[in-house]
Amino acid sequence: MSEYDRIDFEMLEENDDDYDGPDAYVDEEDDDSLLDLEDLQDLIQERTGVVVQESPMLPQIFLSLFNSQNVHRTDTGGDGNSSEPRQLRTIGIQDLHHLLNPRSLDSPTDYEEDDEEEESENVGEWHQVWFPPHKEPQQPGVELLMGGEFGSVSSKLRSKRNQRNISQMILGQSSRPRGAISRENMTSELIPNTNGVAVASYTANVYCGQFSRDSSFYYTCCQDFRLHIYDMTSPPSPYMKRPRNLRRSATGVWDDSDCDHDTTLKILKTIQGSAGRWTITDSHLSPNNERMIYSSISPTVYMTSTLDSSVTQTPISFQEPNHRQRARTHWGWDDENSFGIWSCRFSADGNEVVAGGSGQIFVYDLLADRRTVKIIAHEDDVNSCCWADTASGNVLISASDDTFLKVWDRRSLGASQKPSGVLVGHTEGITNVSAKGDGRYIISNGKDQALRLWDLRKMCSSEDFDNGANRDYRSRGFDYRYGHYSKPKHAAHPRDCSVMTYRGHAVLRTLIRCHFSPAETTGGQYIYSGSADGKIHIWSLDGRIVQVLDRSKTSAMTLDPFAEECILPNTRGTVCVRDVSWNSNEPMMMSAGWDGGRSPPKSVVARHEWRGLSKMSYGLEDWIEKQNIERSERATRTRQTLRVPGAFDVEEDD
């Protein structure tokens with residue numbers, strides 16, 4: 001029996017820290033390969049005299065060396081029962097040169113020597129912005145803004161004339177016969193502009209954080225498979241530090257079950273979800289906000305209630321109807337009937353669940369309690385899916401690591417394995433897709449560091465896609481989890497059919513999400529996204545960045561930056577903002593960020609307001625500024641106080 005055959009895969013499956021799947025977050029402390037790579041560099045220098053410089057491709061070298069060990073074991077022709085230790089295959093300087101080249105997975109004949117020099121100049125920092133964001137309005141975006149499909153045009157005309165005084169607008173409108181003013185006209189220019197205050201802190205990374213449709217509650221889904229639901233109709237309470245009995249469990253996960261987590265929000269419900277693989281990757285609320293589904297890279301999606309006291313987990317299995325459970329291997333990838341669900345959505349009526357995973361799309365009928373549709377949709381993982389039209393739910397969008405988004409008609413889904421059309425433009429895998437909800441416009445985040453806006457009326461047909469538009473332009477050897485993206489040769493796919501492209505953020509380390517701003521208050525005229533550089537980017541539809549919120553400057557949960565229990569700002573690592581949600585009733589958003597430099601890991605949810613939101617009772621940053629001014633004034637008065645001999649001291653008098 002070989003060394004690999006003696007591995008207890010059941011034990012590995014229970015230990016989530018060993019997972020190295022597509023969304024496994026890699027940070028400085030968790031990346032154990034860095035120490036080994038230093039030893040490898042020293043060994044190469046000692047044996048050959050060649051100094052191997054630091055390179056973002058060193059993790060790929062390390063993985064390749066392990067692969068070469070496995071190949072050597074296979075090529076020896078052994079039966080796998082040999083007890084002899086495996087020897088490292090000899091690797092030459094030329095092999096190292098090819099490994100250091102990001103295109104080393106291609107054949108050496110696939111590129112010329114001139115390209116090698118070009119590639120060496122393309123290597124930069126992990127957050128390098130190769131294509132800068134637009135600083136001037138772009139004509140296609142302006143036409144969309146002024147076309148009436150993204151909110152009121154009158155508010156945009158007032159903004160263009162710098163007529164933004166809301167009180168004057170109300171006085172002017174009240175003198176007219178109509179009198180009424182829509183909420184959008186008053187709030188469309190109010191964008192969250194504060195770096196925020198921490199409102200919840202966890203010892204497990206938060207993968208999903210969203211408002212309900214009416215913004216009455218906010219929920220988070222964490223890597224420890226806990227779901228937290230908070231009441232957003234109640235103001236945050238004062239922070240009270242609770243004792244924390246933190247310990248590391250046998251599976252390697254930090255356990256704080258004695259006190260759960262710290263928060264200033266009113267907790268409505270905490271649910272211990274069913275453990276899956278690695279983490280909860282996606283979640284979705286039913287149209288009435290009473291049920292929630294979540295996926296965890298397993299063939300089963302779970303459904304639970306949100307607002308009552310029940311903690312029942314209802315499994316929704318997308319396995320074959322007569323599938324018999326086999327002996328489970330490491331993460332189940334060797335089982336031909338095993339797959340992982342990455343994304344899930346309720347249908348418009350709440351009676352069906354659509355899910356996407358390992359290159360497939362499924363539909364489950366909740367009333368009939370059975371799977372009704374299975375389609376081989378993509379050549380790689382389906383990371384995200386959504387409904388283009390939230391009212392009817394007839395048009396489904398799937399986004400994959402194969403760089404393409406495919407459009408499916410629910411009414412013919414299952415009868416045909418061909419999509420209605422394909423959205424071509426990204427050159428790397430797609431992390432998230434989100435819809436405006438009108439059946440026409442959607443946005444997607446790509447690992448090519450681009451957020452693209454699409455009009456479904458301009459999609460590529462299936463025939464054109466099969467006749468050349470399906471060409472793959474992905475960078476060979478690129479792994480977004482390591483936080484480095486070399487300059488690509490193409491800013492977009494040559495057959496790009498997107499309407500607009502938005503840049504400036506970092507889609508690295510995890511599946512970063514993006515969304516339209518609420519239609520109720522802004523008309524959907526803004527687009528926003530998290531980022532691996534610790535910032536929240538908000539774009540106008542015309543392509544310009546109108547606001548950047550910095551999570552590294554988020555204030556502490558105590559509401560007092562001078563308090564001893566100050567949680568933020570983070571000084572040990574870069575915050576990675578995975579998910580953001582904009583309140584549909586007021587100019588406020590919540591962001592879920594990871595502190596990748598801490599051990600144990602810390603994930604913090606922050607609340608970002610428009611600076612003038614709470615003007616009478618002071619917004620948070622105004623309050624901090626007011627406290628600083630008052631403290632400075634008190635210190636000045638104290639210094640100016642003259643002591644008179646024989647007079648009572650001020651403190652004694654008090």
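Count begins at 1; order follows the chain as displayed.
Note that Cβ sites are derived from N, Cα and C of the backbone, with glycine treated the same way.
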* Structure fact -> region 'Disordered' per TrEMBL, picked from 99-123, 474-498, is residues 99-123
* What range among 70-91, 158-179 does TrEMBL describe as region 'Disordered'? -> 158-179
* Among 1-22, 595-616, 617-638, indicate the range for which TrEMBL gives the feature region 'Disordered'. => 1-22
* the repeat 'WD' (423-457): which same-chain residues, six or more beyond its ends, come within Cβ distance under 8 Å? -> 129-131, 141, 149, 380-381, 383-392, 395, 397-407, 465, 469, 473-475, 478, 480, 485, 488, 490-493, 495-503, 505-508, 510-516, 519, 524, 527, 529, 539, 541
